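Let me begin by presenting the structure, written as structure tokens, before commenting on it.
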Amino acid sequence: MFRFMGKSTASLVGAIVILCCCCSISHVTCDASDHRYKEGDSVPFYANKVGPFHNPSETYRYFDLPFCSPANVEEKKEDLGEVLNGDRLVVAPYKLDFLIDTEPESICKKRLTRKEVAQLRVAVLKDYFFTMYYDDLPIWGFLGKFDSEDQDETTATKVYLFNHLHFEILYNKDRIIDVFIRNDPKGVVDLTEDREVDVDFTYSAKWTPTDITFDKRLEKYSQTSLLFSHMEIHWFSIFNSCVIVLLLTGFLATILMHVLKNDFVKFTHDEEAVDDDEESGWKYIHGDVFRYPRYKSLFAAALGTGSQLFTLAILIFMLALVGVFYPYNRGAMFTALVVIYALTSGVAGYTAASFYYMIEGRNWVRNLILTGTLFSGPLFLTFCFLNTVALAYNSTAALPFGTIVVIFLIWTLVTSPLLVLGGIAGKNSRPEFQAPCRTTKYPREIPQLPWYRRTLAQMAMAGFLPFSAIYIELYYIFASVWGHQIYTVYSILFIVFIILLIVTAFITVALTYFQLAAEDHQWWWRSFLCGGSTGLFIYWYCMFFYNARSDMYGFMQTSFFFGYMACICYGFFLMLGTVGFRASLIFVRHMYRSIKCE
């Protein structure tokens, strides 16, 4: 088992990447061979969902609104990622055959009741828009328009519903290149008054040739991220991060290493002349610095979970850099996250169990249970609450019972067994903690420290610098995840992520040295908390983004935003905390190995 976890790591990672690529792009490769049509061929056309433009989580099924619904709504079979993304595709009530122009044609004539008029009026006032997919190309459109900026004064607002949609479709030989909707300003129905209204829902289509090739038809969706002005900001973000790294590197090189050099000279010169009782600084606590931390099981579980999330982030970046998450590859990101998280649970089990035994822990079963629930437990509780909210709103964000069963089976049949196998491998590896100094029987008393050397103040300093290295890029990520912008510059994001890791490691090492120099030997948990404190700053940015940068509103959207962002920031806390502790451990071992400890 240990051989599998050790020597075959590359094979395991390769299998994970291949499996995720297959899961994520299987429908893409299949569709690519079916994207050729002949005149008159039927083209797949699906209606997806509707919802407020400013609330990306609050989405509803297309036919939840009183449109022309067929007697039997035909649903498209969706994969796991699409369901997690809230997609609920149904066959659209439009017939747009390849290269066949369509004159204004009626779908149905319908008399809207007063209740349905009120429903549509509220939808228009809340900027509801719909999403459709024609030949896997996304289409957006607003339901209507209103002529007042004050949406609360509904009595003084003229509300109109678009009842005619004109589709303009671009094609290149036998391939569809682009499709978009133009609303006819005359094709509207007045919904201002609370009365029954007769509506004739119509549509038309126009086919136009283009020179754009099929392999470039999705480029326009990523052009926003690649605009010169935006690229300047992205590169400024990297420059800002690099400056912080250089400042920290210079700080460590000129100050920290200089102090250490003086310490080494002093301790070496006075080694035989100075008694142990006369020692001061970090050498004074050499008998306590490698004393194992309290709450060993929790500490090992946090390191195991952080290592798993770090592995998850690296593999997601690998898939992003090879182009798996291209614009509007529906559900690919969610599928990859679920599959990779399940398959990397062995990393958490192995890391937690091996470290737990390394620091002389004994109850490895409890440690594995804690490792398996440390992140997934809060995530599960958050999901239960938010899914209940989505069910109350009848939103597509609520997962169907079948999908919940599938996720439970993945957790039961894949995640848990791999976690146990990794734990057994870590337990059987019998690792030894390599401490250059012998630990004394009784711990020394820690001197009274000023406020700026205590945990909360150190966490604030440790989290601010890494956060300042990434905050510029955070806006674009938030605008993509919680808005309608498309993020495609994964290479720049990966560079920023590497810089984040470097800055986190550097600042944690520096603070660990100052803590030891102040004769405070309880650095284990402190280094983990300082490394992970960036996650707290990111959550603070969530509050700023919600209030100052977004137009989100309502209980459902607010709970979804802060609920899931709390889980994401908690994951960053565990991952960066692991990076901070590992860097500090390497530094402390090197520092105490350089002197002779009695």
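Cβ from N, Cα, C; glycine included.
Automatic, uncurated: that is what TrEMBL annotation is.
For 1-30, the entry in TrEMBL reads signal peptide. For 233-256, 298-326, 332-356, 368-393, 399-421, 456-478, 490-511, 523-541, 561-588, the entry in TrEMBL reads transmembrane segment.
Looking at which of 332-356, 368-393, 399-421, 523-541, 561-588 has the most CB pairs under 8 Å to the transmembrane segment (456-478), the answer is the stretch 523-541. With a threshold of 8 Å between CB atoms, the same-chain residues lying at least 6 positions outside the transmembrane segment (490-511) that come near it are 234-235, 237-238, 241-242, 244-245, 248-249, 251-252, 256, 313, 317, 320-321, 325, 458, 461-462, 465-466, 469-470, 473, 477, 526-527, 530-531, 534, 576, 579-584, 587. Counting only same-chain residues 6+ beyond the ends of the transmembrane segment (332-356), those with a CB under 8 A from a CB of the stretch are 5, 12, 15-16, 19-20, 23-25, 79-82, 84-85, 296-297, 300-301, 303-305, 307-308, 311-312, 315-316, 319, 324-325, 364, 367-368, 371-372, 407, 410-411, 414-416, 418-427, 429, 431.
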